[in-house]
Each structure stands twice: as structure tokens, then as C-alpha cells.
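Feature annotation from Swiss-Prot assigns active site, proton acceptor to Tyr23; the stated evidence is sequence analysis. For His100, the entry in Swiss-Prot reads active site, proton donor, with the evidence type sequence analysis. The feature substrate binding site is assigned by Swiss-Prot to Asn74, His80, Asp87, Leu101, Ser102, Arg111. Residues annotated as site 'Transition state stabilizer' in Swiss-Prot: Arg18.
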Amino acid sequence: MNNILVINGPNLNLLGKREPDIYGNITLENINQKIKLHFKNEDLKIDFFQSNEEGKIIDKIIESEKKYNAIVINPAAYSHYSIAILDAMRSINIPVVEVHLSNIYKREEYRKKSVTAEASLGVISGFGYYGYIMAIEFILNNLVREK
């Protein structure tokens, strides 16, 4: 069985209320339910973690190597400046795919750079919650090929 951890960064717990013109009306809980439903027939366990605190996200990334085959991460605002999260991602030996709900390249100038992307297999941006599903599909296909 594959185990995948989905990490969500700061303010994503406010989805559904925060900037619905950018992020829509869907809540983080709804996103998590849609992900689980999409993969219900897979031999797959998906855990979800959200924190507004950089240190807790770093700890979760570092601990993940013991329990998970891969990480899907939406570092949110931390993606633009957190060298600490980048270093944590680089320190583990499991694949990481970065996801952003909105298209960061159509947003403010400071959002167009993701430092954490340097430690990711790839970045999926602008497809809403479906970006998480795309990331997990990629990971599953990648893990199957490696076996």
C-alpha cells in the first residue's frame, strides 16, 4: 500500500471564506473529501495536514520520510520565501510535488517565484483542487514505474 501525505500551508484553513474570487467557495475539508473519494478504489492511504506555522510544517516534512512514500505540498505563501521549508524538502528521500490552487503566474509579482519548487519533482498551479489529484496521479504512476 502506498501512503501519501498532503500538506497544506498557511491560511488554507480559510478556504471557502478567503478571497473566493481567487480560490472559489470550496473549503479545505471539501477538497480533502474530494481527493479521498477520487482515490477510494486505489491501494492508497492519504493523510492530510494543515498548519499556519512554518516550524510545524518543517517538522511534518522531516517526519514524513518514515511513514510516507511521497508528499503533495501546497506551501501557500511560504512557497515564495521559506528557505527553511525548502531545506526540509531537500533533506528527505521521498518525492515531493508542489501544488497551488491558483495560477501563481497570473498573480502579484511576488507570488510568481516559488523557492520551494526547487526541491519538488514538479509544480502544478492553477487547476484548483484538481491539482492535488493530478499530483497524486503523477506520484502513483511514478512509484509504479520504479517498482
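Every residue gets a Cβ built from N, Cα and C, even glycine.
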Where the residue listed as 'active site, proton donor' sits in the secondary structure, as DSSP reduces it to three classes: strand
Pairwise C-alpha maximum, in angstrom, for the residues (Asn74, His80, Asp87, Leu101, Ser102, Arg111) that bind substrate according to the record: 24
Spatial neighbour of the residue listed as 'active site, proton acceptor' that is closest, considering only the recorded positions His80, His100, Ser102, Arg111 and their CA atoms: Ser102
Around the Cβ of Ser102 (substrate binding site), the count of other Cβ atoms that are within 10 Å: 17
His80 (substrate binding site): tally of other CB atoms within 10 A of its CB: 16
